[in-house]
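First up is the structure itself, then whatever we jot down about it.
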Amino acid sequence: MLQKLDNFFGITRLGSNFRIEIFAGLSTFLSLSYIFVVNPAILSAAGISTSAIFFATVVGSVATTLLMGLWARLPFAVAPGLEMNAYVAYVVVGVMGFTWQGALGAVFWSGVLTVILSFTPLRVNIVKAIPDKLKSGLAAAVGVFLILIALKVSGILAYEGIQVQGIGSITSNEAIVFFAGLVFVAILKYFKVRGAVMLSIIGAAIVAHFIGLTQAFEPIKLSKDMFAATFALDWKIIFDPKIWSVIIVLFILDFYGSIAKFIGLTRSTSITDETGNVPRLKEGLIVDGAGTVIGAATGTSNLIAYVESAVGIGEGGRTGLVAVVVAVLMSLFIFLTPLINLIPVAATTGALFFVGAMLFPWKDIKNYSWIDKIAVLAMIVVTVWTFGLDKAMFAGFAAFVGLFILTGKWKDLNAYLVGSTLILLLSIILSK
């Protein structure tokens, strides 16, 4: 039985084992479990009941993460994206005035568009068309994104919305837990302790409880209200021209955001093949799009490949078994809620920071041309400035394309890269 599972997932072939995969799945789950509390809190501002969003978050995440593990066989967890749910709740419903049913309809059609295009060679060709150095830059941008999440949650960086306002507090309880977790993971990694990331999270959680940093979340009780948003989306909203810009923005955020994560998180790991590409990438991208369709049908915003999957990958997870472990734990979330409360969100920040730093292409930078360095720097700066991977991609692509044109190398540019740059620019314009 175990040999069949090994062959199915390719565990030994990719240099992993069952213990590593299970530890990696648990680590990823602990790192993203906050979304089951945060997503209902954000989307409830759109008028959807909290219990309905909670149900949709669990069911949609479990179904899509299982697909990612069993069909795409990749170590990515899938759950509602924070950049998406905030846009839906505060802009589409709050500012533009659409009903939450109409907003979910827009989410649904953006997912349908993503799935259709993922079945074509287009999305994979876009990934392959991104120059190797820019792929390293995307890994760096994803790393910075993880670091920013860690510093924001720990309160070390002060934010107003998505804008950095300055240094926060380095003596708060959250900051103390961050430093404790960072020290734990660094020491454990130095001594090559298996499960270092997960153990550091548990260690940081113990510190959090000793200093009185706890969080309370009342388990949501099973009721008919949990199904209030299931299949409640407005399917006909697509015939309203006013929603088209919303569909395009959601589509581009999902389409390119996941490309950034698939590239950034697998870079320099055994997940990629000898050419640097991700096997079964097409299947992974299809699942990513299907997740949005499933999420909209159950009652939540776009489901995306989660950047916190980096924690499990950093733990050594390499196969779809990681995603299966995450999905099983997600399915038990209603019953695990009291246990999850033992792991404050701040307890994951040290691990997130460490994993983010490890994504930097430290060894590759010396081989970059000056154009590559400027493009990668643009990605990093814009990630810090906007807290958005899609905007970071645009900055890096635009810098790369612009400098190639200015230096007379425009004939070396490929259509997919130029087209992607223009599409990302369109998304930024429409989201204003």
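Note that Cβ sites are derived from N, Cα and C of the backbone, with glycine treated the same way.
Heads up, TrEMBL stuff is auto-annotated, nobody curated it.
As recorded in TrEMBL, the features of this protein are as follows:
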TRANSMEM  20-42  transmembrane segment
TRANSMEM  48-72  transmembrane segment
TRANSMEM  84-100  transmembrane segment
TRANSMEM  106-126  transmembrane segment
TRANSMEM  138-159  transmembrane segment
TRANSMEM  165-188  transmembrane segment
TRANSMEM  195-217  transmembrane segment
TRANSMEM  243-263  transmembrane segment
TRANSMEM  319-336  transmembrane segment
TRANSMEM  342-362  transmembrane segment
TRANSMEM  374-407  transmembrane segment
TRANSMEM  413-431  transmembrane segment
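At the 8 Å Cβ threshold, with sequence separation of at least 6, the transmembrane segment (374-407) comes into contact with the transmembrane segment (413-431) through 3 or more pairs. Between the transmembrane segment (48-72) and the stretches 106-126, 243-263, 319-336, it is 319-336 that has the most C-beta pairs under 8 angstroms. Here the transmembrane segment (413-431) has long-range neighbours at 87, 91, 125-126, 129-131, 245, 248-249, 252-253, 256, 390-391, 393-394, 397-398, 400-401, 404-405, meaning same-chain residues at least 6 beyond its ends whose C-beta is under 8 angstroms from one of its own.
The stretches the transmembrane segment (319-336) and the transmembrane segment (20-42) meet in space: the count of Cβ pairs below 8 angstroms, excluding pairs fewer than 6 apart in sequence, reaches at least three. Note: the stretches the transmembrane segment (342-362) and the transmembrane segment (138-159) are in contact (3+ CB pairs below 8 A, sequence gap of 6 or more). Sequence-distant contacts of the transmembrane segment (195-217) (same chain, at least 6 residues past either end, Cβ-Cβ under 8 Å): 23, 26-27, 30-31, 37, 173-174, 176-178, 180-182, 184-185, 188-189, 311-312, 314-315, 337, 340-351, 354-355. For the transmembrane segment (106-126), the list of distant contacts is 84, 88, 92, 98, 233, 235, 237-238, 243, 246-248, 250-251, 254-255, 259, 281-282, 285-286, 288-297, 301-302, 416, 420: same-chain residues at least six beyond its ends, Cβ to Cβ under 8 Å.
Contact check: the transmembrane segment (84-100) against the transmembrane segment (165-188) gives fewer than three Cβ pairs closer than 8 Å, residues 6 or more apart, which falls short of the contact criterion.
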